[in-house]
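J.: What follows is a single structure, and I will ask about it in a moment.
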């Protein structure tokens, strides 16, 4: 870039501000537009699909530029934030009428994907998180902040594997890492990763900043005083939040210490495969949350999503939630609460915007309505006798003084912004009322003045008017201008008319225009004072919002329990997982036919089920429904089963389906083996493991060998395992592994068509039905027929499977009839020998053939 002195004064001002924010788009306010210059303009024009032009010159070069109207800002910001961009808003703060040189400007806010708070820029049903990381490959400190709610947490995590799984769960839109970290670390590959100066993570500075923020002497009260890495990360987050918001952050009131040991851990693959709140296509339809979320408020939907993605192992918390749901189901109490909860709205985010001092008039109107609904809701909550619900009721206040203040202050349907006034009610402030009266009565004054002047001058064509450039005026046609009285002072000459002003009109103009600007300034001052009053009550209001969000989630789970026919699971000390008539909560909602419920039993005598059966027979559904039932139990919800008895699990693993990881350079089989390795390294005797078609991505022998060894290892680990396979050889595992049992999904053929019955029955499947499924999928008949021929040849040429002696017992499971993948086909030498026509061979030919056969051995 050229020297700053080479630029025009305005562009010098621009570059002084832009140089402080080199990596962010700068929106530079000029009159009624935000202008964007130079490389920012080229980038913004492409991203926003707006016209790129050029204006004038500075430092001898034309200036690339584009612009947007100031009143359209939010729509463009929303698009940029969704694309992961950050924007610096630079406003005019000086008065153009009195400025000498460029109007004074300054940066008033910085919008980044992780620090936005504007309602229009957020997904109301999803947390908007920003995270920071500090540490090395052995131990990491992770801090996470939701600036739109004030939730602020820290934890320390061992190793990249656990860290990446936690980042997958949290899915922060921005991730801050130290600039002195090596390049291309796994964390930096995440979208939104940004490097920050190493001193932003300084642990001593962070500790002081956090203590100052929370007005405490130390961090012991938050249980994280010794988490030095996490404290450094939290300090970086706090600095970044203050830097972007340009204001104090009173809604950040505490720091929560999270522990992985308190939760049921799900890795990224398991989270995706179970489709908790995002389906495999990236949408939200047909996910677990889409079925069980009927929350009345957006803040409750976000809380439910956090519960689903972070199941708990705290039995006291889970049983308290179960008791609460039972209480809400009693006499259908939830039906009375839910309409009242709907009136509360998303006050969690409204309160955060109040804390950030950027709450809009409609935020205050919604808060007013919510506070007005609290007394009736509080009365209904006092009838709830469950201890946890009683605690929530005790936390929830009614705030009659604040409700009255907002009722007196805010009009029923306020405008979107305070900028143009019209937000505060008449009678709220006498001085404002007087100023507004002067401004609003201007129209009547002009009518009266015009009538008086017509009568005084006798000029019937006289008009009194106003425009923004010249102010108030009296207009006469050019032919009558010479008849104007002596006190008329010429103001403007037009084609066919002359405009004048009188001392009386000038005095009114000064008063009226002054009154309008003074009224806007007065209303803005009163509005800011109203925000400060609300900020002084922020702590109890935020506590009430959190309690109401939880009440909404519990009421929702009660409603779902009733309408989806869910039952309360029972936690026991004995290691087990017993489900009667379990169902898949999502699949049963989309089926047009009744869902076939199935039982499951795992305990100290059986820890693994080998599941066989045809494709489309229901193996994957059976496995997934088991995981979802266990997960729902661990958030305190009722579950889709006639009954469920289980012990606490520590992890849920799934190895179900795979696709190439093209970006990471990994094949389908490599992805499958990576997931399998993770399970074999980390599963315990308290883990639930789902393994579907392990080994299918490689050659038959390799795949079967790997599947067999993996199943043996899981049986030795005593993990609760559902192992679905088409390798029927694995059905002999119960002979060598006493904790393993066979089950199958049944099907039958009728008129050469397969019928899936979806019942889970003991023992292995009788056959694969692969050709029948292929026919059902529309594979051409000729191909199916040719496949039958190949199958017949393979089955007749394979050697019979050698069964262990134990398998010959009468009660042993019958191994299905299928070619043994470990049996050899006839040796090529034997095949060739069998085809020889010895009587037609000469002695020389016979000797040559003997050599050929020897070479085949």
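Keep in mind that glycine also has a Cβ here, set from the backbone N, Cα and C atoms.
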J.: With Swiss-Prot as the source, which of 773-796, 797-820 is set down as region 'Disordered'?
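T.: Per Swiss-Prot, the stretch marked region 'Disordered' is 797-820.
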J.: Neighbourhood of the ATP site (613, 614, 615, 616, 617, 618, 619, 620): other residues with Cβ within 8 Å of the Cβ centroid, in order?
T.: 745, 747, 756
J.: Which chain-mates of residue 616 (ATP binding site) that are at least 6 residues away have a CB under 8 A from its CB, listed by sequence?
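T.: In sequence order, 756, 773, 776 meet the Cβ cut-off.
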J.: Rank the binding-site residues 613, 614, 617, 618 by how many other Cβ atoms lie within 10 Å of each Cβ and give me the one with the fewest.
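T.: Ranked by other Cβ atoms within 10 Å, the binding-site residues 613, 614, 617, 618 bottom out at 614.
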